[in-house]
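S.K.: Can you read through this structure? Questions will come right after.
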């Protein structure tokens, strides 16, 4: 690699680093960082997108300019937008600034942009280089890209089990399988998500809070999917002062008279079947890039079957629960042969005290 | 620690290292290493025990002497024996050699020795120091010590499962959950064991070879425990040219007419109940220090309940099998509360390709 292209890579990596500062806060927007050099190649500004409604990375970089950008170069990890959203189109600013070159890692998968921003830049005589550090940029915004290309939220399924694969005793007791450290890690990593999904059984059995315990503000949306609507009239999820809650119910099976048990502060949506894809689509439409499924075996099985799960996080505690009818992470996939089973990949293993945490990709 | 005591530790660690050379071959004997210094503190000999019937470590060290041992010092990780076994008592040789001091890590738990060797040395005017590097020596011979103190073999339970805790599909198919590398690791680590135990179901379902595939000669004893004696007349375990096989059956439930299906080269023993402790005791009596339980859920559960399992090795493959009735590592322990469950400790995690291997201690 030449010294010149090494230098381009260096600046794009800086833009990607800046983008990563918006880690858990940009949804429904992507993570974007921008770097501006003057015509002599000196750094004169940088910016990143922090939160929807706040300036885009390019806009922040133009706001922060120390010198004239005319004849200069911009590095940005995502194609600049060309539509009026909550903030004005960035392409206009790039063109009016007099920049000569723009390095862009990847096209914006958002169909309102998707190549149109690049086209406008080129038409204005700006040299556009597309594809630098594309792999890193794809990874940085994988949830945003997934939502835009599939119209479903990027799903991560999490469960905690004993080393013999049980998520509860046969009487349903499960407090606690994993150690304090693992459970507190779960609270804090919920901050990476825009929504946390459980099923009616988990609500009835565990009555969870599903919050980050203050790591994220506002807290992720708490979502309950229920087939029956037979939910308790008292529940930690009904306290909307901590976090918002959304109940999604299957109107083909639910008893709508139970709706009266749910307080007014909780949003309610109905779907026409129990296909988890419908939940994922509703959440994607609401701008949730990345959602965490913390559900029991039935919903987890259906979520995998309907391609709602892209990653898996398993906490394994060094305990043996046993039990013929103890609860397991999944129900039946109806596999008849070993070659049919679901294969995970790219597993990363870490130790959380005496628990083991395994993260894997799930390509169904 | 003074320079002098550092030096003693150094020589005892050398003795322990020498002992470890007999890793998989000394059963029913312990692993023992011995170092001899002359009266000036120079190394003049060393030895270790390789195999039952061959010289003990002390005897080998005396056989290897380069100079006169008179006034010298011996370091040995286990109390020298004082009984006539397959080889003469070591204590006599130590006394007649004129050694002045003997450093011993720990007493021999074998009741034929157990302090008597040390007593004889002291009575002969030899200075005996007991306890140097005791922790390391206990660990080195933990299986031998366990057998001598409990009259049961030290048991390791191994199973392979998917990341959702299943050891087979609901139709019983399980070839293969783990990867080639894990399975070949299992073959080679069988060499650490004196016997490999399965139940009748595993024999009928998997028809395994249970050998090290040549890593150990002779191969570990293959043991089948059966309640019914309803074993097939053709089985890989009936080929005694590869390894010896022992069938243990519960005479309270077995149909002894099935004995005719078992070829003459296979040994048969009967027990009066299905308590796995009886298997462990039979194997201990036959000199098996360390045995590997590769059995299915029923026998595994009973083996844990009867304290036959001291360590656990779990292979976890990044696959999801699911299935309401898929096979699990264990049956029912009848736990009603989470505080009752079996807690493992000292887990060590390693990656075998994309599989995860967890080794833990099991103190029931």
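Counting begins at 1 with the first residue displayed.
In case you wondered, yes, glycine gets a Cβ from its N, Cα and C as well.
Just so you know, TrEMBL annotations are computer predictions that nobody has curated.
What you see is a predicted model, and the numbers here were worked out from it, not measured in a lab.
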S.K.: Out of B:190, B:286, which does TrEMBL tie to the same substrate site as B:174, B:206, B:210, B:213, B:294?
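M.R.: When TrEMBL describes the substrate site, the candidate it includes is B:190.
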S.K.: Quick check: of B:90, B:133, which does TrEMBL put in the same Zn(2+) site as B:56, B:81?
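M.R.: The one candidate that TrEMBL places in that Zn(2+) site: B:90.
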S.K.: Of the residues B:153, B:160, B:284, only one is listed by TrEMBL in the NADP(+) site with B:176, B:202, B:296, B:297, B:298, B:299, B:300, B:301, B:302. Which is it?
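M.R.: Candidate listed by TrEMBL for the same site: B:160.
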S.K.: Quick check: in three-state DSSP terms, what is residue B:210 (substrate binding site)?
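M.R.: Its secondary structure by DSSP: coil.
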S.K.: I want to verify one value. Collapsing DSSP to three states, which class is residue B:301 (NADP(+) binding site)?
M.R.: helix
S.K.: Please report the number of other Cβ atoms within 10 Å of the Cβ of residue B:301 (NADP(+) binding site).
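M.R.: I count 22 other Cβ atoms within 10 Å of it.
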S.K.: Out of B:90, B:160, B:210, which of these binding-site residues shows the lowest number of other CB atoms within 10 Å of its CB?
M.R.: B:160
S.K.: Calculate the distance in Å between the alpha carbons (Cα) of residue B:294 (substrate binding site) and residue B:81 (Zn(2+) binding site), and round it to a whole number.
M.R.: 35
S.K.: Take the binding-site residues B:56, B:160, B:190, B:202, B:210, B:213 and keep those with a Cβ under 8 Å from any chain A Cβ; what remains?
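M.R.: Correct list: none.
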S.K.: Among the recorded positions B:56, B:58, B:81, B:90, B:297, whose Cα is within 10 A of the Cα of residue B:213 (substrate binding site)?
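M.R.: For residue B:213 (substrate binding site), the recorded positions whose Cα atoms are within 10 Å come to none.
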S.K.: Around the Cβ of residue B:190 (substrate binding site), how many other Cβ atoms lie within 10 Å? Please give the count over every shown protein chain.
M.R.: 24
